[in-house]
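Q: Here you go, one structure.
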Amino acid sequence: MRILAFDTAGNGCSVCLWQDGQTLALRTLSMSHGQAEQLIPMIAAVREDSGLDWQDLDAIAVTIGPGSFTGLRVGLAAAQGLTLATGLPVIGITTLEAYARQAANAGYRGAILVAVDARRDDLYLQPFHADDTGGLRPLAAPLAAPVEQVAPLLADWGITTATVTGDATALLDGIAALTASHPQAAVDPACLAGLAAGRSAAEAPAIPLYIRPPDAAIPQNGGQLRPDVPHD
Amino acid sequence: MASPNSMSLASPDAMTPCYILGIESSCDETAAAVVRADAPCGERVVSEVVLSQLEDHRPYGGVVPEIAARAHLSALQALVAEAMQRAGVGYGDLSAVAATGGPGLIGGVIVGVMAAKAIAMVHDKPFLAVNHLEGHALTPRLSHDVPFPYLLLLVSGGHCQLLVVEGVGQFRRLGTTIDDAAGEAFDKVAKMIGLGYPGGPAVQAAAVGGDPRRFDLPRPLKGRPGFDFSFSGLKAAVRRSIEQMPPGPLSAQDKSDLAASFQAALVDSTLDRVRRAVRHFRANWPQGTALVVAGGVAANAPLRAELTTLAAREGLDFVAPPLKWCTDNAAMIAWAAAERLALGQSDPLDFKPRPRWPLDPDAPKARGAGAVKA
């Protein structure tokens with residue numbers, strides 16, 4: 001199985017062409033913005049490096065968030081253009097699962113808490129459990145929460161000890177239940193491809209996972225200076 | 001309106017039809033269109049689909065950027081597929097792929113640009129990042145083959161400019177708004193009065209049967225030198241008029257009178273600027289023959305009527321593209337790309353989407369100008 005995988009939802013822009021567990025070509029850049037400029041030339045370069053044609057590929061894998069709203073849209077819109085132009089299916093993977101998978105692949109077992117920087121006052125979080133063979137299952141749905149809620153949340157989930165991983169581990173220093181830490185700077189696109197290889201586009205659609213609603217307030221009385229129905 | 005510089009834009013191989021896919025996502029419409037550049041006027045737009053996000057933004061009384069960006073991403077793929085299917089052409093048959101590259105709400109612009117770049121890369125076609133304003137500015141050539149140069153009044157929710165269009169990529173900005181765009185003023189005033197969103201059609205409808213003389217509103221910049229616009233003082237005057245009325249809700253007649261008075265002042269003030277620009281244009285570009293209006297506010301009937309009269313009196317043709325091409329659309333993006341492609345232009349795949357992108361970078365900055373929205 002051959003998969004083009006890329007991630008732009010976090011602090012980087014990375015692309016790989018993957019074939020049955022092997023990385024045929026890889027490009028990565030560290031950046032917090034600017035993915036809209038870099039991504040397509042990087043995809044073109046990776047495909048060229050791999051020596052494969054578009055019709056040789058089986059699928060496209062992309063991160064769907066949570067992460068930077070703009071960053072995840074860069075990747076998802078590129079994936080839309082690619083599927084229109086090639087007919088390849090697009091498989092969406094959450095950044096949270098990708099980080100958990102990377103921690104499990106690095107040998108971490110038991111409870112794994114993934115923490116992704118929301119670039120606000122809070123974090124995107126999801127707890128997983130890695131069994132003895134490295135099989136992962138989520139313990140709760142993804143959510144956004146401020147740092148001070150992390151300890152109570154762990155208690156709610158019945159987690160007494162866990163490994164914290166993701167790009168925001170530094171923000172969770174000092175939480176007693178987090179006995180181990182596996183900081184990661186970015187999603188590895190090869191890991192993304194590996195996750196996508198076992199799934200169909202129907203099981204894992206490339207729909208954005210924002211978690212947070214847009215910032216917008218509905219104006220009082222619709223902004224009308226003299227409301228039609230006077231207030232008491 | 002045949003002329004030496006009018007179409008059609010020839011394909012490299014005269015036998016191959018020149019199809020261009022255009023994508024627009026810079027404000028609150030997601031749109032895709034396929035244009036055939038080598039077709040005669042009237043047969044150029046092969047397919048076009050537009051999805052308005054009006055209902056998503058209506059409760060907020062204006063466009064919310066993050067809501068718009070999310071809506072563009074959810075709509076884009078299906079719209080492009082539909083435009084291509086209706087056109088009956090494959091991606092490999094295209095001569096180029098174009099998207100609005102700015103100016104506009106950047107979250108939305110990025111969505112269209114990324115999809116267009118990806119399609120262009122896979123099929124090894126030229127990619128064109130089109131200036132949204134150039135799309136509006138060149139629309140009269142799509143619809144009417146208007147020859148260069150022409151005088152353009154571009155009036156929309158995000159822009160209010162007077163431009164001389166000398167050629168593709170060649171614009172001389174005579175004036176712009178120093179504060180709000182005309183469409184923005186319509187929206188804000190409609191909101192204050194309680195007429196709903198979008199404000200343009202709401203104000204025009206409410207003004208029917210209203211007394212345009214009941215409220216004595218200012219005509220900003222009227223009679224002043226230059227060609228700039230200003231609408232924020234007018235908007236503030238409407239606010240003061242409402243605040244000075246006796247307590248309690250506005251009656252239907254109050255609303256009509258306010259709408260009529262505001263609309264009359266806005267049209268009057270705009271016409272004064274256009275009249276000056278027409279005289280300047282005729283004196284300095286004597287070969288020019290047309291006054292063109294584009295942008296969503298071009299739908300305003302009283303403004304259109306006044307512009308028609310003005311053009312006739314000044315000896316210019318008045319050209320207003322069909323309303324569906326005055327508001328944001330993708331046919332204008334594909335067409336502007338066609339015009340640029342015919343001159344051998346295209347853009348690199350690392351093009352950076354641009355929130356701001358003036359048509360005439362040499363124009364002096366208007367005092368207080370800051371509208372970002374496209």
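Any Cβ shown, glycine's included, is placed from N, Cα and C.
Just so you know, TrEMBL annotations are computer predictions that nobody has curated.
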Q: Do you know which of B:Asp187, B:Asp211, B:Asp216 TrEMBL groups with B:Leu154, B:Val155, B:Ser156, B:Gly157, B:Gly158, B:Gly200, B:Asn300 in the substrate site?
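A: The record-listed residue among the candidates is B:Asp187.
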Q: Pick from B:230-258, B:346-374: which range does TrEMBL record as region 'Disordered'?
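A: Per TrEMBL, the stretch marked region 'Disordered' is B:346-374.
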Q: Select the most exposed residue of B:Asp187, B:Asp328, where exposure means the fewest other Cβ atoms within 10 Å, treating these as the binding-site residues.
A: B:Asp187
Q: If I take the alpha carbons of B:Gly158 (substrate binding site) and B:Asp328 (Fe cation binding site), what is the distance between them in whole Å?
A: 11
Q: Where B:His132 (Fe cation binding site) and B:Gly200 (substrate binding site) are concerned, what is their Cα separation in Å, rounded?
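A: Their Cα atoms are separated by 21 Å.
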Q: Rounded to a whole number, what is the top Cα to Cα distance in Å among the residues the record ties to substrate, namely B:Leu154, B:Val155, B:Ser156, B:Gly157, B:Gly158, B:Asp187, B:Gly200, B:Asn300?
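A: Largest pairwise Cα separation, rounded: 17 Å.
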Q: Could you tell me the C-alpha distance between B:Asp187 (substrate binding site) and B:Asp328 (Fe cation binding site) in angstrom, no decimals?
A: 16
Q: Let me know how many other Cβ atoms fall within 10 Å of the Cβ of B:His132 (Fe cation binding site).
A: 29
